[in-house]
Amino acid sequence: MSIEVVDVRKHEHHFGVYVVKFEDGTERLATKNLTPGKRVYGERLIKWRDEEYREWNPYRSKLAAAIVNGIKFIPIQEGTHMLYLGAASGTTPSHISDIVGERGLIYSVEFSPRVFREFIEKLVDQGRRNVVPILGDARFPYQYAHYVKGVDVVYIDVAQPAQAKILADNADYFLKPGGYVMLVIKAMSIDVTAPATETFKQEINTLKERGFEILETVHLEPYDTAHAMVIAKKK
């Protein structure tokens, strides 16, 4: 038997993010479904007052984990244009798609052809017209420069060394003046021998050296071990 929803409220800090309260007292994040009736990764669909919401699982999405862990500022609004590096099969991009709405746009770069096909099946083929799938390697932004116009945000979530460098290189190509970057640091993908905190510092210093002001850093435990989310702005 499903647990009844007793309330849905707007998140106090983040546009387009909602908090769903259930009758047992538990609360879950959600976004308003841009394509009602359709799921992306098996998430629960929640009906409330003639609207449909998609539960946003912090164990499946590092952005959701950052929100649950108290990040105060995320530079994503209705109409935001974003370059998303490491789109994978589309879990987090799908929720960003809900948030930015029909006026927004998410250029979604994925390296693996198999995963790329899955992304298209789950998002584009299901009617998410604000998502532009790009099969490419985030290390080489010139390869897809003819597809991407200036963006408000560059987001990266890749299992590569030099994650901050890859992000900054893409920002040099595509980020509008005064734009923001969102860096998911995967410490074990950079150096399995160093403490995660040292790897975080190293990547943050790379962003600073490339002209970014660090606005906020949040660790993602217990949802993702040795991961952190960094929000920064181009000076």
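Even glycines carry a Cβ here, placed using N, Cα and C.
For Thr91, Thr92, Glu110, Phe111, Asp137, Ala138, Asp157, Val158, Ala159, Gln160, the entry in Swiss-Prot reads S-adenosyl-L-methionine binding site, with the evidence type sequence analysis.
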Which ones in the same chain are close to Ala159 (S-adenosyl-L-methionine binding site), with CB under 8 Å and 6+ residues apart in sequence?
Gly86, Lys186, Ser189
Given a separation of at least six residues and a C-beta threshold under 8 Å, show me what packs close to Thr91 (S-adenosyl-L-methionine binding site) in the same chain.
Val40, Tyr41, Arg60, Ser61
Relative to the Cβ of Glu110 (S-adenosyl-L-methionine binding site), which residues of the same chain, six or more apart in sequence, are found under 8 Å away?
Gly86, Ala87, Ala88, Phe116, Phe119, Pro133, Ile134, Leu135, Gly136
Of all the Cα pairs drawn from Thr91, Thr92, Glu110, Phe111, Asp137, Ala138, Asp157, Val158, Ala159, Gln160, the residues the record ties to S-adenosyl-L-methionine, which distance is largest, in Å?
19
Neighbourhood of Asp157 (S-adenosyl-L-methionine binding site), C-beta criterion under 8 angstroms, separation at least six:
Lys62, Tyr84, Leu85, Gly86, Ala88, Thr92, Val184, Lys186
Where does Thr91 (S-adenosyl-L-methionine binding site) sit in the DSSP three-state scheme?
helix
What does DSSP call Glu110 (S-adenosyl-L-methionine binding site) in the simple three-state scheme?
strand
